[in-house]
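**Student:** As annotated in TrEMBL:
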DOMAIN    A:11-408  domain 'Ammonium transporter AmtB-like'
TRANSMEM  A:12-31  transmembrane segment
TRANSMEM  A:43-66  transmembrane segment
TRANSMEM  A:86-113  transmembrane segment
TRANSMEM  A:125-146  transmembrane segment
TRANSMEM  A:158-179  transmembrane segment
TRANSMEM  A:200-217  transmembrane segment
TRANSMEM  A:229-254  transmembrane segment
TRANSMEM  A:261-278  transmembrane segment
TRANSMEM  A:284-302  transmembrane segment
TRANSMEM  A:314-336  transmembrane segment
TRANSMEM  A:356-380  transmembrane segment
Amino acid sequence: MDDVMYLMNSLWTMVSAILVIFMIAGFILLEAGSTRMKNAGHVAGKTVFTFGLSSLVFWAVGYGFIFGGDANFFIGMSDFFYGGDLIEGAGLATTVFFVFQLAFAGIAITIALGGFAERAKFSAYVIFTILFGIIIYPVIAHWIWGGGWLAEHGKQDFAGSTVVHLTGAAAALAATILLKPRIGKFNKDGSSNNIAGHNQVYTALGVLILFVGWFGFNAGSTVSVDAAFFGFVALNTALAASAGAVAATLISWMALGKPDITTILNGALAGLVAITASCAFVDVWASVVIGFIAGVLVFYSTRFFEKRRIDDPIFALSVHGAAGVWGTLSTGFFATKELATVGKPGLFYGGGFEQLGVQLMGVVACGVFAFVVSYAILFIMKKAGGIRVTEEEEIMGLDMSEHGSYGYPEQMMLDQSKFK
Amino acid sequence: METYESIREWKDQHITNFLDDTLSLNDFHDQVMHKVMEIAKSKLKKDSPPCDFTWFITGSGGRFEQGFISDQDHGIVYEISSEENDAYFKKLGNEISYGLHITGYPYCLGNIMSSNPIWCKSLHDWQKQLQQWMEDESFETIRQLQIFYDARVLQGEFGYVNHLKSLIYEYQLAHPFLLNRFSANVSHVKNVIGPMGQILVERHGVYQGCVNLKYAAFLPYVNAIRLLSIKEGIFETSTLARMDRLIQLNDYEKILQNCERNFLDLLKYRLSLFRVASYSDTHYLNIEKLSKIERKEIKRILKDGKRLHDEVITLTSL
């Protein structure tokens with residue numbers, strides 16, 4: 001029986017890992033669709049590249065830093081260059097667990113790099129991907145999932161609202177502040193312009209692929225088929241995403257007079273991000289509430305950042321940051337006695353403020369750590385060699401300036417003649 | 001001797017005296033255009049045109065609602081078609097459009113200008129054309145008909161335009177479906193009042209935080225009142241004059257409640273925009289810069305406009 005469970009757990013987690021890796025396709029479509037034609041090839045290519053690079057870094061040191069033994073306050077210190085050894089007595093194959101975790105690390109850096117969109121040098125992507133994978137992601141993942149100090153406090157983050165999404169968003173915030181807004185985003189009088197993405201259908205398909213992949217992300221984070229609990233997690237995930245999409249539609253309809261497509265798409269994602277921390281700890285009805293609030297929050301969050309002249313082309317700060325914070329805090333309210341296998345029940349289930357406090361501490365500690373370290377890294381990179389392309393290159397488009405070929409050659413050739 | 005350039009200079013010097021009320025501003029625009037016409041005629045090296053004709057303006061000028069700057073919208077109806085007449089008025093049309101352009105009325109993007117053969121025809125050809133437009137009932141021709149309905153004679157024979165308008169009136173009496181087509185053509189209004197009663201403003205760009213008065217406020221009033229005027233055979237062109245006539249018909253008192261006052265206020269607001277925007281033409285009113293009372297007033301104007309528009313659309317739809 002143990003053997004059967006071992007195989008089933010491994011199989012389910014492997015399928016989930018594949019779903020999570022497939023989310024990279026969602027990010028490619030999401031980011032490419034939300035940006036302009038002249039950067040489409042760049043967005044697609046760099047995303048595959050940075051996922052590859054991040055995986056190698058994860059294999060070399062990331063995995064060891066997160067889950068290795070002999071840990072100090074920040075990181076573990078064994079299992080570098082993981083060679084495929086299976087840990088005896090584990091519930092699933094270590095190799096499968098490794099691939100699953102590798103996928104998460106890849107998602108986190110992809111979110112972070114969203115803040116670079118349409119203006120960063122390719123070399124900045126290369127260097128930041130490596131350093132994020134060594135210094136930033138593993139520390140936070142270790143704190144929460146690798147038995148670190150937040151794990152000891154009973155921090156609840158089932159599939160990574162904090163570890164993956166907030167960390168990625170905090171890095172994206174540092175990047176977008178240091179890179180400064182794209183040319184043409186803000187006017188001298190402080191008003192902002194809408195730099196529309198070139199293909200809303202891509203963006204929507206990106207969201208849907210992420211939606212599907214998220215079942216691997218959340219339900220797969222059970223890393224077990226025990227009692228088919230993954231079904232419950234998947235149910236909560238589906239409802240939160242749906243509530244997020246509906247809430248975002250309603251709030252944009254009410255506030256703008258028309259249901260705004262970008263907001264609808266962001267709402268679905270915000271629901272997913274928010275339920276990521278809490279999907280295993282809350283009742284089904286609560287997942288609807290959590291998703292709904294996330295959908296409203298993401299709408300106001302995008303307006304908040306725009307008013308502060310922070311250019312966030314693919315809404316990483318709002319979708320992954322604001323919703324990530326809310327999702328992490330949400331278990332502090334909604335975690336039930338029966339489901340709180342980690343930590344304590346939330347405020348509404350007799351747990352008082354204790355769990356909410358732990359969640360808040362986790363958000364602040366991880367958010368600040370990821371932001372400060374990202375800011376420091378990018379600041380040094382900026383001083384050392386620069387992280388932003390030149391004005392001419394930005395206008396030309398990163399497809400041409402960074403890679404020498406266009407994602408849409410026929411469309412772009414006419415414009416290209418301007419730069420000869 | 002006057003030139004287009006000297007008229008422009010004169011216009012630029014004097015127009016600022018007329019920014020207090022729309023009526024005198026429009027009288028002034030009329031004066032400028034008359035001068036342009038005189039030069040245009042003199043340039044054709046003929047003492048007088050070869051036959052009777054009328055030169056009309058339409059659009060906001062036709063409705064006596066021009067602001068500080070607006071593009072040109074005009075056309076010509078002449079008595080009778082002949083080789084000589086056709087050639088003369090073609091030339092005259094081109095010359096007027098050019099002259100207006102030089103005097104500071106940009107070319108019309110929709111090409112509603114006497115230089116366009118569609119807008120410069122003999123009376124007989126105009127009759128044929130209107131008939132065709134009404135039978136066509138396409139989006140484009142229905143639009144042209146509504147534009148024509150705002151035509152106001154600036155110079156020449158007064159009877160032609162009213163005669164042509166009466167054709168439209170009579171046709172729609174016999175074919176009620178035409179009114180329905182007119183109604184459908186203008187039934188879309190940019191909605192600027194949100195479900196929670198808030199004013200919806202521009203979200204992006206240099207006009208962030210502003211409401212577009214042209215689309216949100218003027219057009220609902222103008223289009224609704226024009227629809228009723230076509231229905232009732234009212235040939236006046238200014239929206240206020242049309243309202244006056246409609247109110248006399250008794251049927252529309254309730255629908256038109258407050259509308260005259262609102263429209264006057266609207267014209268005032270627009271003129272105030274020209275002053276603050278250093279005389280550049282703009283329809284964008286920044287809501288945040290208004291006082292509480294003004295904001296309430298604008299909201300009332302917008303709401304009433306939407307109500308009027310919706311009621312008239314219902315009334316004129318089959």
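Note: Cβ is positioned from N, Cα and C throughout, glycine not excepted.
Keep in mind that TrEMBL annotations are predicted by a computer and have not been checked by a curator.
Each of the listed features needs to be described in terms of its position in the shown structure.
**Tutor:** Within the same chain, residues 21, 24, 27-28, 31-32, 35, 75-82, 98, 101-102, 105-106, 109-110, 113, 117, 122, 125-126, 129-130, 132-134, 137-139, 141-142, 145-146, 403, 407 sit at least 6 positions outside the transmembrane segment (A:43-66) and bring their C-beta atoms closer than 8 Å to a C-beta of that stretch.
For the transmembrane segment (A:125-146), the residues of the chain that approach it from at least six positions outside its boundaries are 46, 49-50, 53-54, 57-58, 61-62, 65-68, 71, 74-76, 104-105, 108-109, 112-113, 116, 155, 157, 162-163, 167, 171, 175, 362, 365-366, 369-370, 373-374, 377-378, 381, judged by C-beta separation under 8 angstroms.
Long-range neighbours of the transmembrane segment (A:158-179) within the same chain, counting only residues 6 or more positions beyond its ends whose Cβ lies under 8 Å from a Cβ of the stretch, are 104, 107-116, 119-120, 128, 132, 136-137, 140-141, 144-145, 217-218, 220-221, 233, 273-274, 276-281, 310-312, 316-317, 319-321, 323-325, 327-328, 342, 362-363, 366-368, 370-371, 374-375, 378-379, 382, 387-388.
Sequence-distant contacts of the transmembrane segment (A:200-217) (same chain, six or more residues past either end, CB-CB distance under 8 Å): 15-20, 22-23, 25-34, 104, 107, 159-160, 234, 237-238, 241, 261-262, 265, 268-269, 272, 276.
If you look at the transmembrane segment (A:229-254), the same-chain residues 6 or more away from its ends with a CB under 8 A from one of its CBs are 12, 158, 211, 214-215, 218-222, 260, 263-272, 274-275, 278-280, 282, 284, 287-296, 298-300, 323.
Cβ atoms under 8 Å from those of the transmembrane segment (A:284-302) belong to residues 235-237, 239-249, 251-252, 255, 263, 266-271, 273-275, 278, 312, 315, 317-319, 321-323, 326-327, 330, 334 of the same chain, restricted to positions at least 6 beyond its ends.
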